[in-house]
Structures are given as C-alpha cells and as structure tokens.
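Asker: Below: one structure in structure tokens.
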C-alpha cells in the first residue's frame, strides 16, 4: 500500500508539472494535455507492475531454504575416509534435492588424485561403492581449509573470504534451516583441521552470534570425531535452536571401517556411513531426526553416539535439513556390508593399515620393511608418551600425582588454561597437525589444568623438556 501511494505521488508530481508547463504554453491545447495525463497513468501502472514483481520475488526469496556446510578437516592418504565421508554426504544431499548453490564444501582434495590412489579421480565410501567424488563442488581446498575459513563461511562473512577459494558463504536467513557435517580427528574440546585446531568455545561463540543475528530457524550438526561430545557437553544451551549428534562421547574414540585391500586404506567411518546409509533408504519427509539418531546410536555400537542442544528439534523431519526429494539409493546391485565387521579406533588406523599389508605380504623383504615401519611408528608414539611424562613430572615434582595425571580422565572446565597450553604444546613440543597421535593424549593437558597446576609452570616445563626439539610424523 505504501508503495502504491509513493508511486502515485510521483506520478502526480510528474503530471502536475506537465500541466503547469502546458498551461503556461497554451491553455487551449487540451488534446496535448490529455495525452500527457494518459501517458502519466500508463507510467504509474508500469511502475506498480514492477513494484509488485519485486514484492513477489522478495516473497519467493523469503521462502525457507535449506543450506549445508560439509567439512573434511584432515589430509593425507591414510585419512582417505574423512574426505570419502564428506563426498558421500554431498551426494546424499544433492539426491534429496538440496541445490548445489546451497552446499558449501571444505576438503583438502589430496585423495582422489593421490599417487597412492590406484583409481585416479575416484573416491568410494564403502566396498564396491559408487564414485562419490564425481560432481562434488569443492569451495575451499588445500591451505584454505582452516578453522577461520569454516567460521567465516557459517557466519556469512563474504568480505573476510574475498579472494579465498570460491568465496561462498552461507546466505541464510531467519526462516532457513542449516545442516553442518564435520568429519576429522578430535580431542577434548577441539576439532582438528589440516594445520590448526578449532576449540569448543570459539565454535560455540560463532554459533551464538549466528543465533543472535537470526541466520537460521534451526541448525543441525553431525560431528564425526574422537571425543566429539566434549565440544558440546555442558556447553551448548538448549535454547539456541541447535541440535547436535556426535559419533562419540566426551572421552572415547570414533571408529573407522571398510578396509580396502586394493586402496590400502579405510573407506569410511562407522557413524558417518551409518547415518548416510539410513538417509539413502528412508523417506526423509517421514523420518524424524530423533528416529535417525536412534538408528545410528543402535547400529554404531563401537562408540556411544550422543545428542546435545535443543532436543525438541529431534521431532522434525530429516528432510528439513537433508532435502525432501525421494532419492532411491544407487546400489548397482551390490549387497551392503556392515561397517562393524572390521571397525577399528580412528587413532589405530595407521597401524591397522600396515598390519593388513603385512598379512598380505608375499616376500620376506617386503614383510621386513613393513615390520620396520610398524616399529618406527611405535617408537615415535612411545617417545611422545615419554615426553609427556617428563613434562608432567617436572611440573608436579610428584610421582603419584604424575601417574594420576597420565591415566585419569578429568572433565574439562578450565578452558582458558587448556587452550593456552595446547597451543604451547603444539608450538614447543609436537606440532599437532603433523603429529596426529598427540591428539589422543591431550587429556593429559586437561588433567594438568584441572589439577590447578599454574599454566606458567606447565609451559616452563615444556620449554625445559622439549625445547628446541621438533618432531613430525607421529601418527
């Protein structure tokens, strides 16, 4: 209504000025005046037509949309499964009708064409599976896969990503639903990226900002990582319209699955494979999030699948986040294998791969080489554990307390201490992204902080034990 009045007023001004001009020229030129009035009326109708078209377009734009952000936070061929999970997730969403323009993908993209991959350009996520890599739109790859990029993507920071990757970010609004799927290694209170870590408080602060800026109606996160429950346990409020499920609780491993003897790596992760296989066979316009969670929790008996946040969102249909189109699974006549048959803890994957190779070895020299690699990994791991013991003992000067800190599992609440000493440990002792085995022992740093050991004492102990040594390749 306001628009009509505004445009009518413009037309009135136009007509009035024309009339006065005409009167000034010739009061008798009525036909010319009538032509001007007629043309002004046509102008009003034309402007109103454009206005109504714009309102219609704006109305369509206001229709609820579905957005997705998919993140594989690792690199290295032995971590094949993480990018395979994310590529598979992309295919699931596309087949259920989520537009490619509404899916943003972050993955290092060093697997499909790796020299170790015997099927170049092909990634599969299950035995005899389809090529899930085909058609995946990769927005951020290589060095652009960082916590900062991820947070800017979900918070809609276009300016912050200018000149980085595709530059695409979430353009969601208050009526839209968002689905985020993250897959990689984890540790207490953090998720790993190829060259850095995303801490729980930083992540939750961004989610809170998104909530206050009304960037979504509902937001669902599926997180595949060891100790992933620690990112949300007693941290995520239940009144932010956010629902989370995680592959593991706050202190246990997630599990890899589907070892492929041709590719010499694990193809998937139990939690991820399970939810995607469920999405491929169910009618997502009928299945609820809680129903899918219950199925995944029951079938993922290798770890304790958890849920956090606003649990009432579990009553919503999966299709509200993963797409509503019916999409029959492209089985290609294959019979699916249970991911539980050969599941191994995520942190044991490098050793498990070598042991599989050893079992298949047909020559003594090859077997000897594999055994040397196994011993080397074990030796490096032991060195890391020995170093941690020295750090703790130097900080506590107490054998009994040292033993407790090295074996106990205290709940992380002192985040300011923990975040600082994780950074110090990565800088001074073992650069975490290059020594992934270290993630499995960050609970020791949690215990030190929770035991009220001053962080200055902890860092000084690191300096004395580690400096100036640097280690890499402890996997």
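From the backbone N, Cα and C atoms, a Cβ is placed for every residue, glycine too.
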Asker: Can you identify, from 367-394, 395-422, 423-450, the stretch that TrEMBL calls coiled coil?
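Answerer: TrEMBL lists coiled coil for residues 367-394.
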Asker: DSSP says what for the domain 'Legumain prodomain' (373-466): how many helix, strand, coil residues?
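Answerer: The counts are 76 helix, 1 strand, 17 coil.
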Asker: How many neighbouring Cβ atoms, not counting its own, are there within 10 Å of the Cβ of residue 185 (active site)?
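Answerer: The answer is 27.
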